[in-house]
Amino acid sequence: MSKPEEVVNHVPEDEGSDIEAGGLFEDPPDFYPPSPPPTTEHYTMKNGDDITLHLVGHSPLEAHTLWNGAVIISQYFEEHPEEVKDRTVLEIGAAAGLPSLVAAVLGAKKVVVTDFPDPDIVDVMWKNIRGCPMLAVDREEDRNIVADGYVWGGKEAPLLAHLGEQKEGEAGFDVLILADLLFRHSEHSKLVDTIQFTLKKKPGSKAFVVFTSYRPWLQHKDLAFFDLARERGFIVDKFLEVKTEKPLFENDPGDEEIRKTVTGWTVRWPTDDEKAAAKADA
């Protein structure tokens with residue numbers, strides 16, 4: 001079949017992105033029909049605990065969808081709790097924030113769950129945190145998870161402030177989560193910027209990047225993110241591939257097998273040995 005470049009039903013092409021600080025276009029109040037009402041999803045953990053996820057009714061930033069990448073990386077953390085237990089975690093583009101909630105339940109030291117600083121989206125993230133019975137606390141300051149607004153590529157200081165004082169040379173998060181963000185091709189550079197700004201420069205620190213190519217004809221553009229990360233000096237490794245029973249958006253065009261496939265990758269700083277090897281090969 002031909003490979004159209006136009007917008008498909010659910011995942012827009014965004015090469016003229018307006019995701020800038022304060023950069024959502026404003027339209028007259030009656031320009032669009034009323035937004036759909038908020039929705040609710042449920043995620044059942046392996047021990048039977050239920051996490052209720054509230055989502056906004058509609059968002060131009062796709063925050064109204066529980067994406068497959070969020071579910072798959074949450075399941076991965078349950079199978080490998082050592083990846084998040086006693087570690088600091090930052091999720092960007094989180095929407096409902098499922099992976100962050102799971103990381104917090106699994107004993108992360110501190111989780112900062114973020115999305116675009118739209119009040120409705122941030123309120124929903126807080127609602128999901130406060131509504132999770134496994135994360136109940138007597139005092140807000142005792143929580144190991146907080147929600148905040150963040151624009152990709154923006155200043156890291158407000159995010160790092162949630163971690164309190166850190167040792168010199170150890171600023172940053174142990175774990176970053178990027179779930180189903182790569183379809184926004186024009187934002188790849190800012191996503192890599194965020195990894196550079198916020199990932200702790202320490203062995204074992206890594207960004208988990210999990211995604212599906214929802215537009216199979218643009219898969220090469222999704223994967224270009226990893227080329228950019230390598231150009232910036234990061235080491236990229238594939239760690240996961242899962243085939244879902246059906247595509248998230250069943251009626252969308254494109255190869256169904258690709259639309260059912262979720263892959264996971266880690267992006268990390270090189271070790272001293274890897275730096276030396278790269279220098280020797282140059």
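Glycine too: its Cβ is placed from the backbone N, Cα and C atoms.
Swiss-Prot lists GLY93, ALA94, ALA95, ASP115, TRP152, ALA179 as S-adenosyl-L-methionine-binding residues, and of the candidates TRP67, TRP126 the one it assigns to that same site is TRP67. Looking up the ranges 1-32, 33-64 in Swiss-Prot, the one annotated as region 'Disordered' turns out to be 1-32. The S-adenosyl-L-methionine site in the record is lined by TRP67, GLY93, ALA94, ALA95, ASP115, TRP152, ALA179, and its two most distant CA atoms lie 19 Å apart.
On its own chain, TRP67 (S-adenosyl-L-methionine binding site) has ALA95, ALA179, ASP180, THR212, LEU248 as residues at least 6 apart in sequence with a Cβ closer than 8 Å to its own Cβ.
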